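Pulled from TrEMBL:
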type: ACT_SITE; residues: His218; note: active site
type: ACT_SITE; residues: Ser220; note: active site
type: DOMAIN; residues: 229-361; note: domain 'ZU5'
type: ACT_SITE; residues: His360; note: active site
type: ACT_SITE; residues: Ser362; note: active site
type: DOMAIN; residues: 539-624; note: domain 'Death'
Amino acid sequence: MHSPNRNCLFTGKLTSLHRLHLHSNHLVKVPACLAGLPNLTHLDLQNNNLHSVPYEIETFLYSYLKGNPIGQTESTFHESQVLDPEVLLLFCSRDLSARNFLVTEDGGKVRLHAGMELDFPMGAATKLTVRWRVFYPSRNWVKLAHHDLLLSEILELQPHGTLFNDVSFSMPFLHPYSKSHRDVVIRTFDGSSWSDLETCILVLSFLQFYLARCCVSHFSWFMVVSRLVEDHCTVPREGTLLFSSADPRIKVTFPCGATNVIRKVNMQVLTVSQQEIQNLCGDAEALASPLLCLTQNSPDNFLQPVRIQLPLPSSLKGFSLDHSRIHLFHGDPTAETWTDITQQVQLQFTHLFVIFEVTHFSCWCSQAYWLWYTTKHYIGGVVRNVYKRLRLYQVRFLALQRKKDPEQILLQCLPNQKVALRHRYDGPEPSEIISMLEGEQFFAGFEKGIEVDSDRPDCVDGRICFVFYSQLKNMKEVSFYRGALPDSFPEEALKRRKGPDSQWLATLPICLPSLLSPSNKDPLYPSLNLGNAENGYLTEANLLGIALRIGTDWRNIGINLGLSYQHLDRIQYKNRDDLGNQALEMLFTWAQNNVNSPDCINKLIEAMKDSGRKDIADEIEDIITLGKQKYFQSINRLGLEPAGSSQEDSAISMI
């Protein structure tokens, strides 16, 4: 795409275009005439390979250029993209019919889905047909330890067990938000156990993702995982020292004669701030050291005691410390058992450290050591609960309607800190905060008799099954379409039916909790309900459904509702890239200003009719009529007179 002429091929062909999304397309040039399209209000060129853009594009009010290497020399970029002309380059799509490729002794480079790549050097393998698939992870395939984060989808290469010379393998991933003291590795399954491959990380900042690369010699399952930094050493008969790179104050000393055979020992350290410890256990005086986890590759005890050094919690000094408040815990995190071993080992205190000796590490799971300072005497349960909560993520649930395809309802679960970054989410506050574990299973169900197709592979007992992974999308899509009518349907009713059988049925309003003030005690404003129980309500959910249907008529409706031109201009400028938010803010602004008006619903109906939206006006009248019917039915059911004081909410959903 590179034409310097403003009167290029777009002139006269795309004059009605409002939004143009060209992000993440590896574009190297764009024509200046894009900025001249008369109705264009959104030009997304993010995450391409644009080193320069025309002045018209750069100064265009609605262009988005983030993620491009603008101003960088092109040679620096292109050198990293040049491919060896001697290497065969294959591109494989996600289409099922194309999920295989042929490898010969000549080698070749194969690009799979979403940037995954295999590079077979010459002679690495004999003639072989390789089958592959990429699938969303499930608990059956993903093996995660505590504090591991899954960063990618799962790639399966077949036939399993096939051996060959080393092949370069790359998988793209998004960098985790938890960056400190962590490694990123490619994890694989060899037929009997999961293991981590030696992995190097390439930073592709201009594309806003990272590439994990390793060498493989077998076909199996592969995924990118973020784990705590792992330090390891081999222990010879002469002994050795092992330091933690996450916290160099932590060290393990293996004396001479501790073993007769060479062993491998692995160390991981989880650092936790003192503020977080105090918040989790509810004790303002509690302090704790970093959590140390050790494993070895032998089931045998050490022949000589191994010395472990842990730092005292910050602000504590060993010589002036009340030793009765120090507790050393030994734990098996996978079994969630923590034992106070303070009386079973001899603790040696220095000014900054505590030193003790042990003779055994497990070869099956991590053995954890955790030093605590507290005024409480029995804290085993506290330690267990704190460790469990360290593994939890605070998440929120979103239900969204896809802008480009209104028939799709998106159900998504996101870590709480990511919700605010969702530029595609427009609307009031999401759900209340829920705590979940990495890899935990959860379900989405539908009420009021709506059933999910039981043939879906992710359907369990009529509910859609999710598995929560903090770095992945955790998203499912559900569509609702109109079906055919039975042959015996009355003809007079058939005449009133509108739309084809395949017509999209409904938008699901998002039912939200009341927005809370920073103190989390009082709502910032009361629930927004127009009308009253006796004459019928329009609830917030009803208003939201109305706003989603208004579309481009929102300014005309706003004028007929009495809003000023200046106010409407401010709404349009504030939400200039989002038609849905323009209609939503207009309607809710008017509703908040007229919530106490006795004839506000009649005003809304008249404004809809005056704006040519009789369809919405009729729907509002139907809601009010049904609401009044349900109100009087509830009065009769309770045996009260119509003049009774029942305050039952008679509003119904717009679904």
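Every residue, even glycine, has its Cβ placed from backbone N, Cα and C.
Cβ neighbour count for Ser220 (active site): 17 (other Cβ atoms within 10 Å of its Cβ, all protein chains included). Each residue contributes its Cα atom, and for Ser220 (active site) and His360 (active site) these two points are 34 Å apart. In three-state terms derived from DSSP, His360 (active site) belongs to neither a helical nor a strand segment and is classed as coil.
For the domain 'Death' (539-624), residue counts in helix, strand and coil come to 68 helix, 0 strand, 18 coil, using DSSP. Counting only the Cα atoms, the space from His218 (active site) to His360 (active site) is about 34 angstrom. Restricting the average to the domain 'Death' (539-624) gives a pLDDT of 85.
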